[in-house]
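Per TrEMBL, these features apply:
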| type | residues | note |
| --- | --- | --- |
| BINDING | Glu26, Asn289 | substrate binding site |
Amino acid sequence: VIPSMRSLTAEEYVEAFKSFLDHSTEHQCMDEFNKEEMPNIMARLVRCHHANHQVESASILLGGFPGSRGEQDLKMIRILQAAHPGVLIDNEIVEPNPQHVAAYKELVNQAPDLQNVSFIWHQLTSSEYEQQVKEKGMCKKFDFIHMIQMLYRVEDISNTIKFFHSCLDHHGKLLIIILSDSSGWASLWKKYRHCLPSTDCGHYITSSGIMDVLKRLSIEYHVYEFASGWDITECFIEGDPVGGLMMDFLTGTKNFLGTAPPGLRRQLQEALCQPECSSQKDGRIIFSNNLSMFVVES
């Protein structure tokens, strides 16, 4: 008897996400953005002490993103430190996964260069955090907020952006990183939706969806496009454990290759090979994982 298809649990998602990170340039792509664009963004951030224009402090809110253990967050903090040496950074993290919170804390404990940084962890989803802020009736203002690859999982994308935008201080910036319309994901979700199982829940949103929301909210933004790839060759090798995890990540389904009807499996593998999803390089199949970085003004 073939077991029925079901969504990934939080732990299974972390494992599948790791296989994605190991074979994609997702983090290298973010590093490129950090190197090319972030220093300018961070340089314009920090609050001044008006009497003598001394820079005093920066408040940052980092929305936990799936599979994040704080590496990208700390890179951004270090860019801010480099732009404003000696500045006190007050950093709050919203992350629902206890494993990620523990790993992040461990990373902070091992970092010798974070003396001027304070950390507050909220083990909450973004909507739970929003509810908590509204119940207290106090909205703390932040100089910088990031939402990296997390808007697929929130209940209401427009309201979430609106809320976090309202938490920005004067001259603050909100960074949203989302899959680009030029990515293979966009084609997969638009054109080949029928090849994906109905077990995975979430918003299939890419950059144009975020643009629509920001325009409706009349919020100013700049968008940067960065190319990224994901080597999915193993997805087509029968019985390959890495390929199995990749297909689980693609579909949000536990053991997709073992539980999906053969027709659906075949359809999805065919869709993944289409030129709008993937390209071939040196005999490998590279799925397009291009990212859009939105820098939103307060």
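Residue numbers in this text run from 1 along the chain shown.
The backbone N, Cα and C atoms fix where each Cβ goes, glycine too.
A quick note: this is a predicted structure, and the numbers were derived from the prediction, not measured.
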Which same-chain residues, if any, lie at least 6 apart from Glu26 (substrate binding site) yet have Cβ under 8 Å of it: Phe20, Ser228, Trp230, Asn289, Leu291
Cβ neighbour count within 10 Å of Asn289 (substrate binding site): 22
